[in-house]
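A.B. asks: So that we are looking at the same thing, I have put the structure below in structure tokens.
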Ligand code: FES
């Protein structure tokens, strides 16, 4: 794994460097560690508050530590009606965590999402943005196993 300092240094002096550096950090860590934000502030000559501001402005940049594989389940009405609650229960059972939590080994995070535009095949979950359609609780262990 690359050190956050090495990652940030690659974008030093480049236009839009801090944004590019944040993207690269997220690919490596899946969140923005606090010390990396402080380092980015130093390298890009911003105050720590400014570097934080940029991080949180891009709301996709999660500043909280969370699991590397982000599992989301759609909680909009069509998926809800189609049995999303049973899939939620299966995900929580399989990963041993509750919605909104990450596994202790840092491998998985479990989150709700709004409709992901796949309502023709509800319920829907996504793993790292990849949709799985018509999901039943029985399929959950196999889907999760793909990412272990
Ligand atoms: S309601 Fe779940 S994908 Fe649209």
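Heads up, the Cβ atoms here are built off N, Cα and C, so glycines get one too.
Take a look at what TrEMBL says about it:
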BINDING   74, 79, 115, 119  [2Fe-2S] cluster binding site
A.B. asks: In the structure shown, which of the binding-site residues 74, 79, 115 has the fewest Cβ neighbours within 10 Å?
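C.D. replies: Comparing Cβ neighbour counts within 10 Å for the binding-site residues 74, 79, 115 gives 115.
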A.B. asks: For residue 79 ([2Fe-2S] cluster binding site), just give me the three-state DSSP call.
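C.D. replies: The three-state answer is helix.
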A.B. asks: For the [2Fe-2S] cluster site given as 74, 79, 115, 119, which other residues of the same chain have their Cβ within 8 Å of the site's Cβ centre?
C.D. replies: 75, 76, 77, 78, 84, 114, 116, 117, 118, 122, 123, 124
A.B. asks: If one looks at the chain holding residue 119 ([2Fe-2S] cluster binding site), which residues at least 6 apart in sequence have a CB under 8 angstroms from its CB?
C.D. replies: 76, 78, 79
A.B. asks: Look up residue 119 ([2Fe-2S] cluster binding site) in the DSSP assignment and reduce it to helix, strand or coil.
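C.D. replies: DSSP call for residue 119 ([2Fe-2S] cluster binding site): helix.
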